[in-house]
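Asks: Quick one: the structure is below, and I'll ask about it shortly.
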Amino acid sequence: MRPMRTDAVRGHLDGLLLAVLEPGPLHGYAIIAAVQRRSGGVLELKTGTIYPALQRLERLGLLDSGWESTGERRRRRYELTEAGRGALTAERSAWSEFTAAIGSVLNPAVNPVAPRPAG
Amino acid sequence: MSAARILTPADADPVEEHVAALAAAVHGPARVKARMIEEIRDGLVETAAAHEEEGMPPSAAARRAVREFGTVEELVPGWQRELTVAQARHTARAAAMAFPFLLVCGLLVHAVGEGWGLRLLTVLLAAVAGVAGVLAAATPAVTGILARRVALPPGLPLAVAWTGTATAVATALATLGLVVASALAREWPVTALAGVLAAVAHALVAGPARACRRYARLTAA
């Protein structure tokens, strides 16, 4: 499969970051590695773009972070807050609706979507 | 004959050169920026180490880590946006710290309150305290919990910057007015104390507001 670069991922980055942090806390590089591993190497992020995104998610109260010492080095470790778990659930639900709607247009026979009631 | 190649810092350490280039290109509150730079360095070092583990020579691993990280041009807008928001929040915290000084200052001037000049100062200080209070309360909410649902208005940091600047100008005028009043009023110790409080409030807000203006312009550019 062709790699999808940062531009294609933009708009979904928050959901991706929240999702890879769901199992437990990770530091910056491990988060990038987890996104690439989970996507089978298809999602190629410019790794420098995730740090401001992590700070923004922390500002919104969706992540917590703290320094962790490993030998002489310090690394910042991020973890989901309760609000972050809620946001991840909402992201998943919105993504399911989105893919179902697009799928029903692209492949109407395979992905029929029931019309929403009017009003 | 081939020209002798001049060694650059990139030959020595591409990671450190990239970190230095990013650090020079972004501007923000010192503590937040220092944290960002430390994370950048950590991310690059870890990426390079991972490539070395895959069997790449150290210099090639470092260059690849830098390439995967993104160029300065690609990264600066995102980094600067976040640093500018951090400065807006810092300005709001400064306004929160200035608020009690403004409140006590206003109460002192109100207590002395003789003549139209001091009455005018009371109104000015009440207005400034109100503005500082709103700035202090609204900015963290709008850039924090509310931003989960509503996208952050792009002009917000500049609005915070100019609100902080207006507060700084008003407190400077109040300080000046109180110095003059102290020279004329019978109750000069009270007006002088109020003047000191107004000056403290000005010192707290002026610097962060000025920095916020500068960073907001960088983000808008």
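Placed from the backbone N, Cα and C atoms, the Cβ positions cover glycine too.
From TrEMBL, for reference:
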TRANSMEM  B:94-112  transmembrane segment
TRANSMEM  B:124-147  transmembrane segment
TRANSMEM  B:159-184  transmembrane segment
TRANSMEM  B:190-209  transmembrane segment
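Give me the lay of the land around each of these features.
Replies: Tertiary proximity for the transmembrane segment (B:124-147) is limited to same-chain residues at least six positions away from its ends with a CB under 8 Å from its CB atoms, namely 85, 88-89, 91-93, 95-96, 98-99, 102-103, 105-106, 109, 153, 156, 160, 163-164, 166-167, 170-171, 173-174, 177, 198, 201, 205.
Remote same-chain residues near the transmembrane segment (B:190-209) are listed as 87, 90-91, 93-95, 97-98, 101-102, 104-105, 108-109, 111-112, 118, 125, 128, 132, 161-165, 167-168, 171-172, 174-175, 178-179, 181-182 (criterion: CB distance under 8 Å, separation of at least six residues from the stretch ends).
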Asks: Short question: which residues 6 or more past the ends of the transmembrane segment (B:94-112) have a Cβ under 8 Å from it?
Replies: 118, 121-122, 125-126, 128-129, 132-133, 135-137, 164, 167, 171, 174, 178, 185, 187, 190-191, 193-194, 197-198, 200-202, 204-205, 207-209
